[in-house]
Amino acid sequence: MALAPMEYTGSFSSGQKHLGRFGVPTSSRLRWVGYDRKSRTDQLVARAISVDRPQLDFTNPDWKKQFQEDFDKRFSLPHLRDVIDVEPRPTTFSLKSRTPLENVNGTMQESWNGYVNDDDRALLKVIKFASPTSAGADCIDPDCSWIEQWVHRAGPRKQIYFEPQYVKAGIVSCGGLCPGLNDVIRQIVLTLEKYGVKNIVGIQHGFRGFFEDHLSEVPLSRHVVQNINLAGGSFLGVSRGGANISDIVDSIQARRLDMLFVLGGNGTHAGANAIHDECRKRKLQVSIVCVPKTIDNDILLMDKTFGFDTAVEAAQRAINSAYIEAHSAFHGIGLVKLMGRSSGFITMHASLSSGQVDICLIPEVPFTLDGPNGVLRHLEHLIETKGFALVCVAEGAGQEYFQKSNATDASGNMVLSDIGVHLQQKIKSHFKDIRVHSDVKYIDPTYMLRAVRANASDAILCTVLGQNAVHGAFAGFSGITTGVRNTHNVYLPIPEVIKSKRFVDPNSWMWHRCLTSTGQPDFH
C-alpha cells in the first residue's frame, strides 16, 4: 500500500529525528519541513512523498531484490511496441562529417559514435549516505543500504519507429509563461527537420487549441522559428486547463498527428499522460513526449527545469532595488515577494545569490510572526543592530495565516492569499505599536520573472531538452518526459514525476547554506 502525496500528520521529537524517516506504515521517503508552529514543543513535522512501491519487510533477506524489481518496473519506459506491431528502421539522424574521418592508425572511420544504446542507463542517485541523520539523507531502509537505481539515458538511437517523410508533429505549450519556451519550440522544430520531418505544426494556446475552432494550426519550420528565441513568452501562446481527454485525442486523430510534444508543468504532465493512455487504448501510433516547464523548479527527479536560472537572475534586480531602498532609508525594511506556490527554490536561490537578504521565508518551513521567536521580533533586532533589513518571501509561504479558501484557478491550483501584502501590513502595524519608525518598501516582480528571455544557462538547457524530446519520440517512446538527473540527460515515465511536487528539503545543505548566509534564527 502506497501513500498518496500528503502531509504526514504524525510528529517526532527532535531526539527521535533519525527514526522519523521510517515512522509511517510504508516505505515512503520523508522530508522534514520544519517545526509545528501550533505546538509549544520542538516537534518536527515530516512530509511523506509516495514512491508507489509495495511495503517492504527489511527482515526479508530478499527485500533488495523485491525493491529492485519494483523500481525497474516503475521506471520502464512505455513504447509503441507495447500496443501495436511496429518495426524499426535505421535512423535518418546523423552528424557524421561529410568527409570520412581518419583514425589514429590511418584507417578511415566509417561510423559515427553519437548514438545512445537502448541499454544505456544513468544513476538516479549518486550519494551513498552513511546515516539517516546525514544532511539531505534519502534512505530506503534504516541502515541506508546502497541500491543502484538506474534510469534510461536520453539521446538519439540507431533505430527509429517512424518514417520521417510521413510524420506530422505537433507542439503545444501549456500553463503559464516561462523563460525558454521559445528556445524549446525552436529546437524541437530544428531537430525534427534534421530527421527529415516536413510537416510540423504548433497548437495555439495550450490544450485549448485542440477544441477552439478559431485557433488554427501554426505551420512551423526553420524559417519561421529561427529568431523566436530572441524574445520571451511563447510563440504559440499558453493557457490553463483544457478539454475532455477523449476530445483531445479525437482532435489528434483528426489532425493525423504522429507526435505531440507537450511543454508544461505537473498539471500539464498529468494531462499528457492521460492523452498517452487514451492513445494506447485506441492503439494509435502516436508518441506523446513532455518537456518539463516550471520556473518554480518543483518537478520530481529533475536537477533543474528550464526557466529557473533565468528567474533567479531576474529576481536579483528586484532584490537589489529593495536593498538600496532599505539601506538608504531611515529604518528601512525591504520586502520582496517571489514566485513559488509550494516550493521555495526561487526564493532560496535568489536569497543565496544576492547575499543581502536577512530573512528568507519559504513554504516548506513554517514560521511564526509574533512572539519572542517570531519574524517581527527579529526585524526589531535587525533595525536595532544594523539600521535596516531585507526580507524575501515565496508567494506560497505563510498560507496558514489566512482563512482557507477552496477557490482554484483553471489548472486546479489553489488560489493563494497574498503573503506579501499581509507581511507589509503586519510589519507596519508592529513597528507602529512599539513606537519605532519604519519605512517599508514592498516589491512584487512576479510577472517580470516569467516574461523575460532565457539567459545563456537556460538557453543551453532548452536546447538539450528540445533535441532529446525529438530523439525520444523517434525512438518509439511515449508517455515520457525528458530532463537532467545528476548532470546526465535521461528519459523518465511521466507517472514517476507527477506523484508529488518537488520541495526544498529543510535538512539539505542548500537550505543550511541559505540560513548561514541570512543569519536568521528558527522562527518557531
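Using the three backbone atoms N, Cα and C, a Cβ is placed for every residue, glycine included.
Under the heading domain 'Phosphofructokinase', TrEMBL lists 169-471. Here TrEMBL flags Gly176, Arg240, Gly241, Gly265, Asn266, Gly267, Thr268 as ATP binding site. The Mg(2+) binding site annotation in TrEMBL covers Asn266. Taken from TrEMBL, the feature site 'Important for substrate specificity' applies to Gly267. Annotation source TrEMBL lists substrate binding site at Thr294, Ile295, Asp296, Met339, Gly340, Arg341, Glu395, Tyr447, Met448, Leu449, Arg450. Summarising the annotation, TrEMBL assigns active site, proton acceptor to Asp296.
Note: Asp296 (substrate binding site) has non-local neighbours Gly265, Thr305, Phe308, Met339, Gly340, Arg341, Ser342, Ser343, Phe345, Ile346, i.e. same-chain residues 6+ apart with C-beta under 8 A of its own C-beta.
The maximum pairwise C-alpha distance among Gly176, Arg240, Gly241, Gly265, Asn266, Gly267, Thr268, the residues recorded as binding ATP, is 12 Å. Here the candidates are the binding-site residues Gly176, Arg240, Thr268, and by Cα distance the one nearest Thr294 (substrate binding site) turns out to be Gly176. Listed in sequence order, Lys337, Leu338, Met339, Gly340, Arg341, Leu416, Asp418, Ile419, Gly420, Thr446 are the same-chain residues at least 6 apart in sequence whose CB falls under 8 Å from the CB of Glu395 (substrate binding site).
A distance of 17 Å separates the Cα atom of Thr268 (ATP binding site) from that of Arg450 (substrate binding site).
Among the binding-site residues Asn266, Thr268, Thr294, the residue whose Cβ has the fewest other Cβ atoms within 10 Å is Asn266. Separation of the C-alpha atoms of Gly267 (ATP binding site) and Met448 (substrate binding site): 23 Å, rounded to the nearest whole number. Of all the binding-site residues listed here (Gly176, Gly241, Asn266), Gly176 has the Cα closest to the Cα of Arg450 (substrate binding site). Counting only same-chain residues at least 6 apart in sequence, those with a Cβ under 8 Å from the Cβ of Gly176 (ATP binding site) are Val238, Arg240, Arg450.
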